[in-house]
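Participant: This is the structure, below, for whatever I ask next.
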Amino acid sequence: MKDLVNFLKAQSKTAEDFDVIKIGLASPDMIRSWSFGEVKKPETINYRTFKPERDGLFCARIFGPVKDYECLCGKYKRLKHRGVICEKCGVEVTQTKVRRERMGHIELASPVAHIWFLKSLPSRIGLLLDMPLRDIERVLYFESYIVIEPGMTDLEKGQLLTEEQYLDAEERWADEFEAKMGAEAIQSILRDMDLEHECEVLREELQETNSETKRKKITKRLKLLEAFIQSGNKPEWMVMTVLPVLPPDLRPLVPLDGGRFATSDLNDLYRRVINRNNRLKRLLDLVAPDIIVRNEKRMLQESVDALLDNGRRGRAITGSNRRPLKSLADMIKGKQGRFRQNLLGKRVDYSGRSVITVGPYLHLHQCGLPKKMALELFRPFIYAKLESRGYATTIKAAKKMVEREDVIVWDILAEVIREHPILLNRAPTLHRLGIQAFEPILIEGKAIQLHPLVCAAFNADFDGDQMAVHVPLTLEAQLEARALMMSTNNILSPANGDPIIVPSQDVVLGIYYMTRDKVNGKGEGMLLQDPREAEKAYRTGRAELHSRVKIRITEYVKNAEGEFEPQTNLVDTTVGRAILWMIAPKGMPFNLFNQTLGKKAISKLINECYRRLGMKESVMFADQIMYTGFAYAARSGSSVGIDDMVIPEKKYEIIAAAEQEVAEIQEQFQSGLVTVGERYNKVIDIWAAANERVAKVMMENLSTEEVINREGNPEKQSSFNSIFMMADSGARGSAAQIRQLAGMRGLMARPDGSIIETPITANFREGLNVLQYFISTHGARKGLADTALKTANSGYLTRRLVDVAQDLVIVEDDCGTHEGIVMSPLIEGGDEKVPLRELVLGRVAAEDVLKPGTEEVLIPRNTLIDEQWCNIIDENSVDSIKVRSVVTCDTDFGVCAKCYGRDLARGHLINQGEAVGVIAAQSIGEPGTQLTMRTFHIGGAASAAAKESSVQVKNNGTIRLANVKFVTNNEGKLVLTSRNTELTVIDAFGRTKEHYKLPYGTTLNKADGAEVTAGEIVANWDPHTMPVISEVAGFVKFVDIVDGLTVSRQTDELTGLSSILVQDVGERATAGKDLRPAIKLVDAQGNDILIEGTDVAAQYFLPGKAIVTLDDGAEINVGDPLARIPQESVGTKDITGGLPRVADLFEARKPKEPAILAEISGIVSFGKETKGKRRLLITPTDGGETYEEMIPKWRQLNVFEGEMVQRGDLISDGAETPHDILRLRGVHAVTEYIVNEVQEVYRLQGVKINDKHIEVIVRQMLRKAIITNAYDSEFLEGEQVEVARIKIVNRKREAEGKPLVEFERELLGITKASLATESFISAASFQETTRVLTEAAVAGKRDELRGLKENVIVGRLIPAGTGFAYHQNRAKNRHNALAAEQAVKFSAADEAEIDAEFNMIADDPTSSLAEMLNMADEE
C-alpha cells in the first residue's frame, strides 16, 4: 500500500519548488528534447475505428495511450504491465493523462521565420539586422535575394537584389559571392552576427552622435543586442527549423454522433503545415524546378505563420464556416484566453446560487440557506457523518439515504452546518465586501435570506438579485472565513473608514419617527422614573411617542480605571428617544440619542459605538437598531399619497416673474445689446434661479406646520408629512426629487449635455403636457444609454487600477523616512470643504507637530493620529501637518505600515501583508460603477446653479491677495489684469477661513490687507463674458482688423448698432490666416503708447469669437474693456465628465490644449515671431542660459513682457499636464494635483474616498525613472528603470564611494505602468499579450513572482494576507538551505586557513571586531 501511495506521489510530480520563471527562445535541440517523436502524417484518427493513426497528429506511440494502462492493440492491459512498451504497436502502457503533457515535433524541410519576432512591432529581427521590415519580408516571402557573402565583388553584405540583378551578378562574378532568399538566408545572416563586436561599434557611434533620433535608435538596438548576449539566446533561433506540436488532449478531436467530428482549429492548422512540409520534402527529393520549390517554401512559411498567429500577416486563414481559425496566439490572449479564462479565474466546486430575499429576523452574522441547497452543498460531509455514526455502511448507502431525504439526514445536516461558515458573493464583486462569510441557518423555501444591513456592502436589493454560495472546505479556509471575512468583522468600509453596516430606508424612517418631537403631544410634560416606564406609558396610550417629557436617564461613564460608573440625571427628552435608549450599549452618552436621528446621525452613532466600545458591542447595537427601526416604521404608518405633495401658492408668481425677465432679455437681444450665447446663458440662469426659489418655497411649505401649543399659542414645528419625513431622515428621496414632485421639474438637458432653455414649469403632481413630456424624454433616455456604456467603462478602469497596484503590499513596519506630504484643509469659496482632521485622521505624523506660534510639541513624530489627536489639533487650531505618505515611502518592493497609516477597515495601524494596492484599486473603482449607474436618477434635470459673479465674504477678517496685478480705473476701483489671482480671508489667529479664485477683469472693492466684515462684497465680475482690459489710456487703433478677412461686422436690424466679431483662425479665408487682429493704443499724434515700466507698446491681440463694440479712433481710459469674449455655455456636470476624467488622470494623458508652464525662473521677453508662433524667452536672473519656446499665436498668454516668473508658473491657461507638474514642481506637487483632481470628481457625487488610496495608485504611476547620468553603472542613459532598482544600485555605489546614478522620475499612465512592470507574467495577463511575451522571450526575462497575479497564475498562495507568512517562510528556508550548501563546500584546507587567520586575530589585539565581521561576511 505504501508503495502505491509513493508511486502516486511520484506520478503527480510537479515542479512545485521553483522561485523564478524564465522565458526565452527555444533552440531546435531543445524542441527535440521536449518531443516524444516526429509527427510525419497529417492524419488524425481513423473514422471507422476512432483509433489514432500511426505517426499522425494523434499518434498513440508518440503521445501515449488512449485508455489508462492499455496499449493500442490491446496486448498489454492493467497496472501490472506499467511502463512496458508494446512491441506490436509501440505504445507505452501508462496513464492516459500523459497525452496532455507529451509533445511531438515536425522537422521542417526549410527554415521558417517565427512571425512574432518578425511582425510584432518593433520587429526584433529587423532591429537586430538593422533592416526595414519590408525588406526582410521581401526576402522571406521569396521576392528578393539577399547578399550573404559578398566575397571579392562590389556588392555589400545584406544588400537586396531583384531576380534580374541577381542573374546579372551571377553572370559577372559567377560563384564569387553568395546570395539566397527565404528564411534560410535570414537564418544564416543571423547566425553569422558577432553580437559583441556589434555592441562595441554601436557604443562608439553613441559617443560620437549628437542627433537625438539617432541616439534613440542606437540605444534601442544596443539594448536588444545586450539582451541577447546576457540571456544566452542565439539570434538564429528566431528562425525555426523544428516546429513543436502541442499535446493532443490540448487540441481535442471529438466524434459527434452522425459520423461528424468536432475539432480544435489547431488540428486544421497543423494539418496544413504537415501537408505542405511533406510536399516540400518530396519536391526537394525530386529536385523540382526552383520556382515550384520556392512557391512551396513560401506556402510553408505562411502556414506556420497562421499556426502561430493567424491574421498577423495577410488575410487570416478561415475554416469551413468562414470564421478565422483560432491560432496558438489567440489561445492565450484576450478575455477568453488561457490567462484570463483559466489561470486568473476558475469555476469552483461546492457552490450554488439562488435569488435573495430579506431576513429581517437574522443576526448580522447569519444568513438563511435553503435546506435543498445545504443538502447538496454539504453532501460529502453528510456521507462522512452517516458512515462514522454507523447509519450507513458504504458511501453508496449513504448516497441513497441522502437522495431519499431520510429524517436522520436532516438532523445530520443541521449538525454538519453548525458553525461551518459559508461565503456569499454577489456579482459584480466590485470591492472586497462583495464576498462575506455568514453562518447558515436552515430555512424552508428556495431563496437565500440576507441580513438587511449588509445590503449596502453587497449593493444588493431584493428585486430579483441573485447571490452565489461557496463552501470553504479546509480547516484553514474555515478559519479565515470566520476570522477575517465574517460580516461582523467588516463593519467599516475600506474606502473611507466609515461604517458600512448602516441602516437605510425603512429602518432609518422608523428610528427617525421614534426620535421626532411634537408640540403639545399627548402626555407632554410628564415626569417618568425610567425608560421602562416611558415604554409602559406609550404602550398603554397615556403618552404619545413624540411627546416631550422629563425622564431619569442612567448613563454609564468610564472612570480613571476604565470601568463604567452609572450616572443618573433628569433629562428633557421624548418618549420615543427614551425607548430607543433602552437598546443603547453601556458607555454611550445619552446626548447622541437625544436628537432627531436621521441617516447621518445613526451612522455617527454606530461609528461612535465602534470607536468607544469595539466591534462586538457595535454589531449587537446595529442589530438592535434594525429590529427597533423595522418595528416603529411599521407603527408609524408612513405612506405616500398624492395630497402629500403640497404645491406652494407662490410657485405661479415666481414663474410669472421669471417669464417677465426672460421677455426682457429677449428684447435686449433683439435690440442687439446681447449676443445669442449671452442671451442663452442669461435665460438659463434666470430659470435656474427661479427653480431654486420655487424649491425653497416648496420645502419651507412642506417642512414646517403651525400648531397650537399647551399655552394655546401658535408655534411652528417640523411637519409630519410622509414625503418630507422620508427625505429629511435620509430614508429615500431627496430635495431634488421632491422639487420635481411638488415644485417644478426645471431645466432639462439634451443628450450632448447642453441645456434646453425652455424649462418644464409643471411638476409630476400637476402632470406634464405632451411637449414637456417629450422634452424630458431626451435627457432620461440618455441616462439609460449612458448607464449601459459606462458600466463597462468603469469596470475596465477598475481592472487597470487593480493591475497596476496588485503587487503593492505592506512588507515592513517602518522604512524610517522623514519625508512626507503637507496636509492643509481644503477651502473653496467661503466654506471649508474638507477640514484638516478628516485629511490627517489615520495618518502618521512625519515631523513633530508644534503648537502654532510656539515651540511646544503637540504630536511627536511617528504618531498615528487618531480621533483623540484630531481633537487636540482642532483645539489648538493647527493649520497644516506634514504626514507620512505612501508616495514618499522608502521601502523598495512594497510599502511600510507607518507610511500607510491606519487600516481604514479595522481602525488600527495596518498589519504587515495587507494588500493595500488592491484595496486602493477597489476603493477607487467601486464607486465608479455606482456613479455611472446613477446618472439618470434625477431624470436628466439640469442642475445648473446660477453662475457666481461676485465674492461676498462670510467671516470677519483680513484680505490677502496672491499673484495679483491690477490697474486703477477712473472711478478709483481696482481692475485685475492677472489671471490666477487668489483671494483669501484670514482670521485673527492667521488661519485661512475662505479662499476664492478671481478671474481676469474682476473689479475689486478692497485692497490687499484691508479689514472686511462678514457679508461685504469685495469683488465682482461678469460671469458670461471675459473682458480685455486696457492698461493705459489713449485712442483705439485697429490693427489687421479687416472686414471679411479677419472679422465680420454684425449690425443689429432693430437698433442699427454694429459690433465687430473676430473670426476663428480656422474659419478665415486663406488671405486672413496670417493676420493677427489687435487693438493698439496710440496718443493723439498717433504714436504708440508704452505700458508703464516697460518698453512694450500697448497692443492687445484679439482671440477668435471676441466682440468689439468700439470704433477705430475711440478714446478710452485705464481699466476700460476693449473687447468682450463670450464664455462657453454651461453643460451639466455629472460623473459623465467624471469617469472619463478620472481615467484621464490615472492614464496621465496630456490634455488637448495643455497649460504652458515656465520651464525656468526668470524675466519674460518676446523674441522674433514666426508665421503662426510667438517666441517666448525667459532669461534667468542668475545669468544662466536663456530658455526659449515657440507658442502658437492663438494661445492667450498670462504674462507680459518684463514680468518675473517662477519655475512652474502658468504662462498660458489650459488644463495642466501632470508630466509638466512632475518635471517642474516635483513629486509632491503632482501627487497633490492628481489626488485633488480625482477627489473633485468623486466629491461632486458625494462619494467619500480616503486620499491614501489615490496616493497608492500615484506611487505605482511613479515607479519608473529615466536615467540622466549613468556613470559606469549597469544602466544606459535614457533607459527607463524601476526607481527601487536605482536605489539599490545607488546604495551599493555609496558604500563603494562612487558617484550616484542620476535619474529623473517619470509619470506613467496606469496601462503603461502595468505593462512596464518587472513581471512579464503579470503584464502578459493584462494586455497586449503577444508584444509582452515577444519582448520578454528575446530578453530572456526572469519573473521573480513578487506580485499577487503571478502567484495566482502559477497556483500558489498570494504573498499577501495569510499567504504573506508562507512566502516569508519559503524565503527563509531557501536562505538557510543556501547557507547550508555553502557551509558543506568548506574543505579541510579552508578550515585550516580560517583557523590560522583566527589565531592571527587573537594574537593581534589591535584588530577590531569590524574586521572580523567583514571577514565573516566575505566567507
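From the backbone N, Cα and C atoms, a Cβ is placed for every residue, glycine too.
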Participant: Which candidate from C609, C815 does Swiss-Prot annotate alongside C889, C896, C899 at the Zn(2+) 2 binding site?
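Facilitator: Answer, per Swiss-Prot (Zn(2+) 2 site with C889, C896, C899), from C609, C815: C815.
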Participant: Determine the most Cβ-crowded residue among the binding-site residues D461, D465, using a 10 Å radius around each Cβ and all protein chains in the structure.
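Facilitator: For the binding-site residues D461, D465, the Cβ with the most other Cβ atoms within 10 Å is D465.
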Participant: By CA-CA distance, flag whichever of C71, C73, C86, C89, D465 among the binding-site residues is nearest to C889 (Zn(2+) 2 binding site).
Facilitator: D465
Participant: Determine which residues of this chain, when C71, C73, C86, C89 are set aside, have a Cβ within 8 Å of the centroid of the Zn(2+) 1 site's Cβ atoms, and list them as they appear in the sequence.
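Facilitator: My list of surrounding residues reads A60, L72, G74, K75, Y76, E87, K88, G90, V91.
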Participant: Have a look around C86 (Zn(2+) 1 binding site) and count the other CB atoms within 10 A of its CB, chains all included.
Facilitator: 20
Participant: In angstrom units, rounded to an integer, how far apart are the Cα atoms of C899 (Zn(2+) 2 binding site) and D461 (Mg(2+) binding site)?
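Facilitator: A Cα-Cα distance of 38 Å.
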Participant: Let me spell it out: for each of the binding-site residues (C71, C89, C815, C896, C899), count the other Cβ atoms within 10 Å of that residue's Cβ, using every protein chain shown. Which one has the most?
Facilitator: C899
Participant: Can you give me the Cα-Cα distance between D461 (Mg(2+) binding site) and C896 (Zn(2+) 2 binding site) in Å, rounded to a whole number?
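Facilitator: Approximately 39 Å lies between the Cα of D461 (Mg(2+) binding site) and that of C896 (Zn(2+) 2 binding site).
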Participant: Closest to C73 (Zn(2+) 1 binding site): which of the binding-site residues D463, D465, C815, going by Cα position?
Facilitator: D465
Participant: Going by Cα-Cα distance, which of the binding-site residues (C71, C86, C89, C815, C896) sits nearest to D463 (Mg(2+) binding site)?
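Facilitator: When the Cα distances are compared, C896 comes out closest.
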Participant: Determine the most Cβ-crowded residue among the binding-site residues C73, C889, using a 10 Å radius around each Cβ and all protein chains in the structure.
Facilitator: C889
Participant: What Cα-Cα separation, expressed in whole Å, is found between D465 (Mg(2+) binding site) and C896 (Zn(2+) 2 binding site)?
Facilitator: 40
Participant: Can you give me the Cα-Cα distance between C89 (Zn(2+) 1 binding site) and C896 (Zn(2+) 2 binding site) in Å, rounded to a whole number?
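Facilitator: Rounded to a whole number, the Cα-Cα distance is 63 Å.
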Participant: Please work out the number of neighbouring Cβ atoms within 10 Å of the Cβ of D463 (Mg(2+) binding site), leaving out its own Cβ.
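Facilitator: There are 5 of them.
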